[in-house]
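One structure below.
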Amino acid sequence: MSPPAILQDPVSPTVPSKKLNLPHSSAVPVGGQTKTETIEAMAGDWQSFTFRPIRESQVSRAMTRRYFSDLDKYAESDVVIIGAGSCGLSAAYCLAKARPDLKIAIIEASVSPGGGAWLGGQLFSAMVMRKPADAFLREIGVEYEEDGDDSNYVVVKHAALFTSTLLSKVLQFPNVKLFNATAVEDLITRPREDGTIQIAGVVTNWTLSCMDPNTINAPVIISTTGHDGPFGAFSVKRLVSMQAIKCLGGMRGLDMNTAEDAIVKGTREIVPGLIVGGMELSEVDGANRMGPTFGAMALSGVKAAEEVVRVFEQRQKECAAFY
Ligand SMILES: Cc1cc2nc3c(=O)[nH]c(=O)nc-3n(C[C@H](O)[C@H](O)[C@H](O)COP(=O)(O)OP(=O)(O)OC[C@H]3O[C@@H](n4cnc5c(N)ncnc54)[C@H](O)[C@@H]3O)c2cc1C
């Protein structure tokens, strides 16, 4: 199978000149005919400019038809990723690339995907990644600078460049659907013969809704909801309350060197059907926090995708045996 277009070499952005020299044009169908329009032609002629007419209901139908069709299509997903932070998005990218045959739903509670990775630390713009996570930046085509005498880390000029690039790549995969403004409010479980449980899907709700929830069945879930706080560590806290794991280890104090290795190495299937990565994992393992360095989030996503590939067929078979 040929690789998806998204995996081809990244295109450098065009810097517009003062004369708005924007050579890209698009062919748009107009009343059965195709008319080629360019931004450059428009920019020189605002007096005669007008948008094409539209009836308001067309806008509604264009959105709702697609959304409800996606709800129907992804009610049975292959993999659900909870949380579209740096770890969840990295996992989605690697999994969608490695397994174009899998239907991947991403559920993000916030309207804006990206989690905590829109800034580096405090309100600073730059994002630090310790090597060898620079490999992930090259993979998605994000430029960076080498920094420091020892060359042990690289710096992306703005964390938002990393997050927006990764997000745009993930959204272009045909086998990925992001449901944002949608929270996971419970896990679907099935009893195993040994008396333990298996995770077999998620219970979702529009973040601003208090109505009865919706559901998505999937044999494998990746949970990357971040560290504990008003919203974070959702799945692992739920595992404790349903007695699937004894207790949480609690995120420990900041130690960048210890923390990043521990999160990547520890990314794994915690109970059958549920893989946990990113800062959510620090709550399970009692790992250190790492603060504003993001290499572990990207590589934990890579490992989470690898874990899915390892267990998927087995979990799919087991789930098929339940109703
Ligand atoms: C305020 C703040 C505090 C930080 N504190 C720390 C720290 O203490 N230690 C540290 O190492 N780094 C911290 N960071 C740095 C860094 O942002 C995180 O380490 C990193 O973003 C974690 O990535 P992640 O993908 O694991 O989770 P996040 O970037 O937190 O992403 C988790 C995503 O999951 C979504 N989500 C949560 N619950 C649900 C749910 N039930 N359903 C659907 N979606 C859900 C959230 O909306 C979010 O988008 C902090 C950043 C910020 C902005």
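Using N, Cα and C of the backbone, Cβ positions are placed for all residues, glycine too.
Keep in mind the model is a prediction, meaning the values are calculated, not measured.
Noted in TrEMBL for the protein shown:
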REGION    1-31  region 'Disordered'
BINDING   C87, E108, A109, G116, V184, D212, H227, M279, R289, M290, G291  substrate binding site
MOD_RES   C210  2,3-didehydroalanine (Cys)
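C87 (substrate binding site) sits 28 Å from C210 (2,3-didehydroalanine (Cys)), taking the C-alpha atoms as the reference points. Screening the recorded positions A109, V184, C210, G291 for a C-beta under 6 A from any atom of ligand 1 leaves A109, V184, G291. Most other Cβ atoms within 10 A: among the recorded positions C87, A109, V184, C210, that distinction falls to C87.
DSSP assigns V184 (substrate binding site) to a strand segment in the three-state reduction.
Once the Cα atoms of C87, E108, A109, G116, V184, D212, H227, M279, R289, M290, G291, the listed binders of substrate, are compared pairwise, the greatest separation found is 37 Å. On the backbone, the CA of A109 (substrate binding site) and the CA of the residue listed as '2,3-didehydroalanine (Cys)' stand 14 Å apart. Just so you know, the Cβ of R289 (substrate binding site) picks up 15 other Cβ atoms within 10 Å once every protein chain is counted. In three-state terms derived from DSSP, C87 (substrate binding site) belongs to a helical segment. Of the candidate binding-site residues, V184, H227, R289, G291, the one lying closest to C210 (2,3-didehydroalanine (Cys)) when CA atoms are compared is V184. Least crowded of the binding-site residues (H227, G291), judged by neighbouring Cβ atoms within 10 Å of its own Cβ: G291. In the three-state DSSP assignment, the secondary structure recorded for R289 (substrate binding site) is strand.
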